[in-house]
Amino acid sequence: MISKILIAACALLLISHLVLAVPYLEDGLNSLHNRTGESDETRGYTIQLLKEMPEDDAVEDYSADNLERLLQNTQKRSCIRRFGRCDHRPNDCCYNSSCRCNLWGSNCRCQRMGLFQKWG
């Protein structure tokens, strides 16, 4: 009797894990975006390009810091609210949400993170 209960509990745990699991689209901390939607690597590349820009009359009016601030505002993107479709933008769900898809990787929607996703 105890073995049947243990097997049923394991099966229930496995099924709930499969249903609530979200496939990892990108691994590592480098895939995380800052508040402007720009990765750290892209930000470094933008700063490097600004430093290497040739000086002309249009650029002389702005320092590198002002140009970076202006470029940040143009690259902002809005996030996708909960229950919104995220098929083509899996990393753009709003804060405390994640893009969750069905078993075949379609019908993706931004939904509340599961308990284990919040913990890391």
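Cβ atoms are placed via backbone N, Cα and C, with glycine included.
Listed in Swiss-Prot as the disulfide partner of Cys110, from the options Cys79, Cys93, Cys94, is Cys93.
Checking the candidates Cys10, Cys79 against Swiss-Prot, the cysteine paired with Cys94 through a disulfide bond is Cys79. Each of the disulfide-bonded residues Cys94, Cys99, Cys101, Cys108, Cys110 was scored by the other Cβ atoms within 10 Å of its Cβ; the lowest score goes to Cys94. Each of the disulfide-bonded residues Cys86, Cys93 was scored by how many other Cβ atoms lie within 10 Å of its Cβ, and the smallest score goes to Cys86.
Counting in whole angstrom, Cys79 (disulfide bond) lies 5 from Cys93 (disulfide bond) by their C-alpha atoms. Within 10 Å of Cys101 (disulfide bond), as judged by C-alpha distances, the disulfide-bonded residues found are Cys86, Cys110; the full candidate list was Cys86, Cys93, Cys110.
Cβ neighbour count for Cys79 (disulfide bond) (all protein chains, 10 Å cutoff from its Cβ): 15.
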